[in-house]
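Lifted from TrEMBL, the feature list:
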TRANSMEM  221-243  transmembrane segment
TRANSMEM  284-311  transmembrane segment
TRANSMEM  317-342  transmembrane segment
TRANSMEM  354-377  transmembrane segment
TRANSMEM  383-413  transmembrane segment
TRANSMEM  444-467  transmembrane segment
TRANSMEM  473-501  transmembrane segment
TRANSMEM  513-532  transmembrane segment
TRANSMEM  544-561  transmembrane segment
Amino acid sequence: FDFCQAEGKKRPSENLGQVLFGERIEPSPYRFTFNKKETCKSVCTKTYDTTKPEDKQKLDFLKKSMLLNYQHHWIVDNMPVTWCYDVEDGQRFCNPGFPIGCYITEDGRPKDACVINSEFHEKDTFYIFNHVDIKIYYHVVENEALGARLVAAKLEPKSYKHTHPDNPDCSGVPMDISNKANGEIKIAYTYSVSFEEEKNIRWASRWDYILESMPHTHIQWFSIMNSLVIVLFLSGMVAMIMLRTLHKDIARYNQMDSTEDAQEEFGWKLVHGDIFRPPRKGMLLSVFLGSGTQILIMTFVTLFFACLGFLSPANRGALMTCAVVLWVLLGTPAGYVAARFYKSFGGEKWKTNVLLTSFLCPGIVFADFFIMNLILWGEGSSAAIPFGTLVAILALWFCISVPLTFIGAYFGFKKNAIEHPVRTNQIPRQIPEQSFYTKPLPGIIMGGILPFGCIFIQLFFILNSIWSHQMYYMFGFLFLVFIILVITCSEATILLCYFHLCAEDYHWQWRSFLTSGFTAVYFLIYAIHYFFSKLQITGTASTILYFGYTMIMVLIFFLFTG
């Protein structure tokens, strides 16, 4: 964008999480001195001559960004500068950004932010917010050495057509750029800043006013209640089956032992000789289980820290950094779990197993990420990850994660294989004709619905915070939902496994993994719905990026639920 640049100032450095999320912080040409009031100070003036093609291109880019409601995000002392305005029923909404400008359509309808001022009424015209009134609130610290702390920064975007850009007076008509304007257009950028003491806000709770204006908590409680009902229903079902049916079955079997007529076995007792037959593609299953364990523990620990408040929005990029570092350090459980299961499936190729565990799933994620990055490079986006960071991520993966996976696998293979309580028969049983709901596909599709029902309201807020730049801070809720999701996944799987074992189908290993894992497919469908209903994304590159990143999330979610 062609706004005023800060000359000769160093860029602040970012941490790993910010770099991965594409947050770049630039120095600003707006200069403040504490408690020094400025009115209508000039920053710079930009002149566009529409007869020159490069100027016209810059101006068109500005117009397009106003049409799509692009936002400035400014930071003062690590606080977002917010634009607060009244919404219906007396609520104030504080937006952590403010629009570049706005557009009045050809039939005179104001779009987006143009509704704030009745002077914006010319048809087919863009109004650029080239002046800001910034108000900085501070809190004087009494008991320490003399000093004050900034507790809030708010601004009002304004639009003025300054008659003398070199000596601006900040009054008069708004700065309009007609869509059909020709010749020379001058945009002068100015600002006013004032300081006000605010005794009531403490420095520690200075984020609260932004979070309070995000009016979502009642939906959250509703969704938690909804999820808890599902969990109670499932737990009831599982408990009933476990206690009543199994108890009855076992009582009947014990009775038979005494009467010596154990000829007519039925239900799940029939498949006891085949239940521990190693699954087809046991190698892949063990690798998936290893990676899934790694992701499960990573999510648990990250959310736990987030609940304790270490990863609040004030620590920029902390969430992502924490997750990546944990994922790298959790190579050992991945290798161990994969090795244990592979050994109990009777696998011999342990080298292949270790290599796949360390490279298959991370490799897919990294390849996807790398392709997305190439697209961002090609588009010249600031969110593209610099080459140094890519090398750093590869180093973390190859030098820390892979050796740790090998150590885990070494211990996994050294232990004895998991002992099975019954011997496996030489000859596999015939599986009888299955009814509709015990067939593999319908069972798997049904299994994903319940876990997805628990999380879909949270998903909406998470997707909003990733794609619509809203703050996400409800980690307490998220942790609760995470626990509920874990319980629902396991219980739904136990139920469906019980049904198809009773129907004498003993291929349970893959089915138990995929029954919960199918939640990820519902997640994908929801993400596609979100893309078409909520986001106004235009352009091929942006669409590819959205679906590229969504596929990474879906894969991680698949391994985690499975």
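Yeah, the Cβs are placed from backbone N, Cα and C, and that goes for glycine too.
Counting Cβ pairs under 8 Å to the transmembrane segment (284-311), the top-ranked stretch among 317-342, 444-467, 513-532 is 317-342.
A Cβ distance under 8 Å defines the sequence-distant neighbours of the transmembrane segment (317-342), meaning residues of its chain 6+ beyond its ends; these are 14-21, 23, 282-283, 285-287, 289-291, 293-295, 297-299, 301-302, 305-306, 310-311, 350, 353-354, 356-358, 393, 396-397, 400-413, 415, 417-418.
Of the Cβ pairs linking the transmembrane segment (221-243) with the transmembrane segment (444-467) and spaced 6 or more residues apart, 3 or more are under 8 Å, so the two regions touch. Counting C-beta pairs under 8 angstroms (sequence separation of 6 or more), the transmembrane segment (444-467) reaches the transmembrane segment (513-532) with 3 or more such pairs.
Packing against the transmembrane segment (473-501) from elsewhere in the chain are residues 207, 211, 216-217, 220, 223-224, 227-228, 230-231, 234-235, 237-238, 241, 267-268, 271, 275, 296, 299-300, 303-304, 306-307, 311-313, 434, 437-438, 443, 446-447, 450-451, 454-455, 458, 461-462, 508, 511-512, 515-516, 519, 561: each is 6 or more residues past its ends and has a CB under 8 Å from a CB in it. Residues 285, 288-289, 443-445, 447-449, 451-452, 455-456, 459-460, 463, 467, 489-490, 492-493, 496-497, 543, 546-547, 550-551, 553-555, 557-559, 561-562 of the same chain sit 6 or more residues outside the transmembrane segment (513-532) yet have a Cβ under 8 Å from a Cβ within it. Long-range Cβ contacts of the transmembrane segment (544-561) within its own chain (Cβ-Cβ under 8 Å, at least 6 residues beyond either end) map to 288, 291-292, 295-296, 299, 361, 364-365, 368-369, 371-372, 375-376, 451, 466-467, 485, 489, 516-517, 519-521, 523-524, 527, 531, 535, 537.
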